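Engineer: The active site, nucleophile annotation in TrEMBL covers 358. Marked as active site by TrEMBL: 361. What TrEMBL records for 152, 154, 165, 216, 219, 251 is FAD binding site. Taken from TrEMBL, the feature disulfide bond applies to 56-61, 358-361.
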């Protein structure tokens, strides 16, 4: 890919250089810190749009119901995972531990981590939340170590996966007038599953183009991760993961996608720009002394915040940011209505992620969707962020720990 991106004065080469040499090494270090590596998620929420019949049939594509020796009792999610001592005999534990971990979410946590979560919850409860997420307090919500659960190909594909993306594009997204999509996901198609092409932007305002490109960029991002960390072979129970060039070509090569592959990748760059802009805009929120990345370890917390502020300084130095001021800049009534439509569309997409049939795919889908939602919340709250008091929490703008973790990890993806 080369050249300038649509709807912004930015070229791909500049983004590549900036990310490779400034952002990526630091964001990678930040993701490894305790504050950012644990994400609380409810993987048991039912799909609100259709009968939940699409669960991945591949062995261990879901969270293993067997208890693992290192999971504290209080961390286990829901009553379905409560077992009596008699049930936890050594044979069952051995069988569980020997099972394939192809798509299973590794929810192993240490007692030290468990104690930190109690402190984090107590700390979050003392803040004035801008938006309270019901999901966090559900008995089915559980902490997941993101470093032990990398996003990668689990074998989840076919009608169930296609149905999720089809619902996102067809029912919940501002889209170009002319859109090509295969009607039957199992039929042979040069474009593969979920391909979109034949764009016609006539009459589609900037805000709707932006929304569509963000969703397309998110789709491209997820597909790239699956291609880059693919199960190449599994011999004697030892899986080998690595880049799958053939799969990448199938999803992105112009000849395989009716010319749409490069556009999908350009939308990924556009998504990067939007989240980069959000990070530069939210910096004043974190620069205040009242905001800590609290884990209970004072030394590590200080280092984490210093690294985060260093990343913010880099984001501010980028000289070709997307100008979000061009959005929702029409008459006040029309702009307010469009912004609300924008918000409701995105909220619906986040709910569709509960329809993903593979738990590991659902985990990363929910995290990246929440991260993008947090970025949009930041971009729409510039005045509130600028007027934050230095030494006290504000009701005007607040981020929960969940939103912060999702924002950083989604941008890292």
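Keep in mind that glycine also has a Cβ here, set from the backbone N, Cα and C atoms.
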Engineer: Quick one: of the binding-site residues 152, 165, 251, which has its CA closest to the CA of residue 358 (active site, nucleophile)?
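Structural biologist: That would be 152, the closest of 152, 165, 251 to residue 358 (active site, nucleophile).
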Engineer: Under 8 Å between C-beta atoms and at least six apart in sequence, can you list the same-chain neighbours of residue 152 (FAD binding site), or say none if there are none?
Structural biologist: 225, 226, 229, 230, 231, 241, 360
Engineer: Hey, what's the Cβ neighbour count for residue 358 (active site, nucleophile) at 10 Å?
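Structural biologist: Around the Cβ of residue 358 (active site, nucleophile), 27 other Cβ atoms lie within 10 Å.
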Engineer: Report the largest Cα to Cα distance, in Å and rounded to a whole number, among the residues 152, 154, 165, 216, 219, 251 that the record lists as binding FAD.
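Structural biologist: So the binding residues stretch over 21 Å, Cα to Cα.
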Engineer: Among the binding-site residues 154, 216, point out the residue whose Cβ has the most other Cβ atoms within 10 Å, with all shown protein chains included in the count.
Structural biologist: 216
Engineer: Roughly how many angstrom lie between the C-alpha atoms of residue 219 (FAD binding site) and residue 361 (active site)?
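Structural biologist: Distance (Cα to Cα, whole Å): 12 Å.
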Engineer: Rounded to the nearest Å, what's the C-alpha distance separating residue 216 (FAD binding site) and residue 361 (active site)? Just drop the number here, would you?
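Structural biologist: That separation, Cα to Cα, works out to 17 Å.
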Engineer: Across all protein chains in the structure, which of the binding-site residues 219, 251 has the highest Cβ count within 10 Å?
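Structural biologist: That would be 251, with the highest Cβ count within 10 Å.
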Engineer: Using C-alpha atoms only, work out the spacing between residue 251 (FAD binding site) and residue 361 (active site) and round it to an integer in Å.
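Structural biologist: Given the Cα positions, residue 251 (FAD binding site) is 18 Å from residue 361 (active site).
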Engineer: Cβ atoms within 10 Å, counted per site: which of 165, 361 has the most, among these recorded positions?
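Structural biologist: When each Cβ's neighbours within 10 Å are tallied, 361 tops the list.
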Engineer: Using C-alpha atoms only, work out the spacing between residue 154 (FAD binding site) and the residue listed as 'active site' and round it to an integer in Å.
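Structural biologist: On Cα coordinates alone, these residues lie 8 Å apart.
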Engineer: Tell me the Cα distance separating residue 165 (FAD binding site) from residue 361 (active site), rounded to the nearest angstrom.
Structural biologist: 13
